[in-house]
Amino acid sequence: MQLRTVLDVNVVDVLKRRNPSKHYVYLINVTYSDSTSHIVYRRYSKFFELQMRILDKFPIDGGQKDPKKRIIPFLPGKVLFRRSHIRDVAVKRLKHLDNYCKALMKLPTHITQSEEVLKFFETNTEDLNPPKEDCGGSGKRKSGLDASDPMILEQYVVVASYEKQEPSEIGLQAGEVVDVIEKSESGE
């Protein structure tokens, strides 16, 4: 019996999850050599872990000895800005991750059929039973917008200066205009 391999990968959407904490996952349509296709969901941190594993396992292909011989695609680094979980960052990464996956699938079979790559795109239990909040997408976000559509954000004028209290917050000055990506029910 021949091993099932990954033929094609399309990163098609980004979805918000709330458990165990707020984060975004990328919806990936994976087509396999046995003519089946499945949707898998991966956090950006999982892409980053895959990249590190591939670079460790294939140092020559990763350009460690000679950077000119690097064939493994570059993955944009993790955002160290304290609010890397915001939707804008996740949406901007979508196209980069799609390009990364497509470039990865064009590499020689010793990489594309490696345990690391196959395991990353393998369907797991959570992929088969995604949280209810993610259902009903069919490649579209709940708003019905395509992932490439621009986000239309509400703008607000800051009425009073605010000094940040937590590392995850930002300070604001009265009179500043801010774009609001997500607003809680209480208006905070």
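Cβ from N, Cα, C; glycine included.
Residues or ranges marked as domain 'PX' by TrEMBL: 4-128. Across the residues of the domain 'PX' (4-128), the predicted structure has a mean pLDDT of 89.
Annotation source TrEMBL lists region 'Disordered' at 128-147.
For 151-188, the entry in TrEMBL reads domain 'SH3'.
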Residue counts (helix, strand, coil, in that order) that DSSP gives for the domain 'PX' (4-128): 51 helix, 29 strand, 45 coil
